[in-house]
Amino acid sequence: IWGGFILNLPLHEYRIFLFSVYPKNQLSWIPQIKPWVFNENRIMWFKSYSMTFACLNWMKIFRLPWTRPYSTSQTTVDTSEVRTFLALAHKWWDEQGVYAPLHSMNDLRVPFIRDNLLKTVADHQPGKPLSGMKILDVGCGGGLLTEPLGRLGASVVGIDPVDENIKTAQHHKSFDPVLDKRIEYRTCSLEEIVKDTVETFDAVVASEVVEHVIDLETFIQCCFQVLKPEGSLFITTINKTQLSYALGIVFSEQIAGIVPKGTHTWEKFVSPEKLESILESNGLSVQTVVGMLYNPFSGYWHWSENTSLNYAAHALKSSLQEHPAPAEFALKGETEELQAEASTNTGVQEELKK
C-alpha cells in the first residue's frame, strides 16, 4: 500500500515524502528521499536519492507489472534502422547524393548477378538474358538494383519495410512502361511473405542488407525457403574488421560524410567466414566470395581479392538437400541409428551406456 503527503512549506522548497506499509516480515522499505526543490527561477529539479529495501526469498521471483520477459525477436527488421532510412527515402535517385556509392556499385553487382544466373540456363534471349527468371530483391530501397534487373528481362519483386522507400521506387518505375510490368513492389519484411512464396524465386538478392538485420540466422533461413531448388542467393555486405570500422564508419560517416551518420552499426557486420558458416548450415552451398573496394575520390568500385572491407557472395540451394532439421531432431535421429546398430554391435551398446 503506497501513500504520500506534502508538507506545507514555502514555494521554493517543497519536500515530498513517500511511505509504505506492508504486512510484517514480508517487505520493508526505508525511504531516504531528497526533496524536490525550486530554484530562484522557479524551475523544479530533483535531487538524487537513495532507497534501501529488504525482502524475503520469495521476492526474488517478483516481476514488476510493467516489465516483460526477454524473448527472441519474431522479425529481422530493426526499427531503429527503419527510422534511419525513412529520413533518406526521398534521396534514393540522386546519383550525386548520399546513395551515390550504391548507384556506382551497380557496375559490379548487376554483372555479378547476371553472369552467375546465366550459368544455370542453357540459353537466353539477346537483350533480355534474365527473361523468364523470377527474382526477389530484399531491402530494395528505392529500386536502385531492382530496375537494372528488370531491364535484363527478369520478373522482380522488390520488398522493403519502409513504406516511403516503396513509394519512391513505385514512382520512379512508373516512368518506364516496360519496368512497370516487370517489377512489383511491396512494403513488407522477408519473413512476412515466406509462407506465400515458398520455393517461388530463381534468385534472392540481399545487397547491403544483412548488416542491417537483427537476426541473420532467421534471415538466411527465410531466403532458403523462398528459393527454388538450385536457386541462387546473392549477398553484398561489409566484413567485420578493424579496417571496416575505421573506413566504413569513422571515415565514411563521421569524417568524409560519404554515408549518413548512423547508417551502419559495426557490431552487425559479418565476416565472410561466419556468413559462409551460416549459409552452409542452412542448406546453401557457397560458390563465390570476392572482395569489393570503393574509391571515394573517383566514385567507382572494383573487384579485389581483399575481402577486409566489402565483399560479394553467391550461394546455391541444393536440389537434393533438405532443410537442416533442428538440433533436437538431429540428435534423436542419431540416437535411433545407434540403437539399431546396437542390436548387432556390442561396442555400440557400450557407447550408448556411456
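Backbone N, Cα and C atoms are what each Cβ position is placed from, and that goes for glycine too.
No curator has checked TrEMBL annotations; they are predicted automatically.
Pulled from TrEMBL:
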| type | residues | note |
| --- | --- | --- |
| BINDING | R109, G139, D160, S207 | S-adenosyl-L-methionine binding site |
| BINDING | E208, E211, H212 | Mg(2+) binding site |
Determine, to the nearest whole angstrom, how far the Cα atom of R109 (S-adenosyl-L-methionine binding site) is from the Cα atom of H212 (Mg(2+) binding site). 19
Take the Cβ of D160 (S-adenosyl-L-methionine binding site) and count every other Cβ within 10 Å, whichever protein chain it belongs to. 28
How many other Cβ atoms are found within 10 Å of the Cβ atom of E208 (Mg(2+) binding site), counting all protein chains shown? 21
I'd like the Cβ neighbour count for H212 (Mg(2+) binding site), meaning other Cβ atoms within 10 Å of its Cβ, all protein chains included. 22
C-alpha spacing of H212 (Mg(2+) binding site) relative to D160 (S-adenosyl-L-methionine binding site), in angstrom: 12
Any idea of the Cα spread of the S-adenosyl-L-methionine site, R109, G139, D160, S207, as a max distance in Å? 19
Any idea what the Cα distance is from G139 (S-adenosyl-L-methionine binding site) over to E208 (Mg(2+) binding site), rounded to a whole Å? 8
Around the C-beta of R109 (S-adenosyl-L-methionine binding site), how many further C-beta atoms are within 10 angstroms, looking at every protein chain? 22
CB contacts under 8 angstroms to E211 (Mg(2+) binding site), restricted to the same chain and 6+ apart in sequence, sorted by sequence, are T237, I238, H264, T265, K268, F269, V270
For G139 (S-adenosyl-L-methionine binding site), list the number of other Cβ atoms lying within 10 Å of its Cβ atom. 26
